[in-house]
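Colleague: My structure is below; once you've seen it, I'll send some questions.
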Amino acid sequence: MHEYSIVSALIEQCEQHAKANRANKITRVDIKLGVMSGVEPALLETAFETFKLDGICRDAELRMTLQPLVIACLDCHQESELTERSIVCPACHSYHTRVLDGEDMLLMQLEMEQEDEH
């Protein structure tokens, strides 16, 4: 499961942002997950719940926004938004398409707090 390595990198990125902002607690992590990212949302959530236990994200809620696949057809010039992993143009059924969005997983926002250490 590559979701474990993805979550490990995500938590590391969260920790870097928290340190840069002098926060010692992250309460929410918002990500955008593309349909073609190759990441399974349920497995990602399970991995996050497992890995967050040791560290600054231990109380964090993971919020995922699923980004549909956006393609441009190079034959009929139609732009389409798809919710399935397909690069076929729904208008003309051409495979001659270009992916515009929906391939990535992005950290969109963090909700952080500064707590007293006493």
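Even glycines carry a Cβ here, placed using N, Cα and C.
These came from Swiss-Prot, pasted as-is:
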{"type": "BINDING", "residues": "His2", "note": "Ni(2+) binding site"}
{"type": "BINDING", "residues": "Cys73, Cys76, Cys89, Cys92", "note": "Zn(2+) binding site"}
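I would like each feature placed in context: is it buried or exposed, what are its neighbours, and how far apart are things?
Modeller: Taken residue by residue with DSSP, His2 (Ni(2+) binding site) is part of neither helix nor strand, so it is coil.
Secondary structure from DSSP puts Cys89 (Zn(2+) binding site) in coil.
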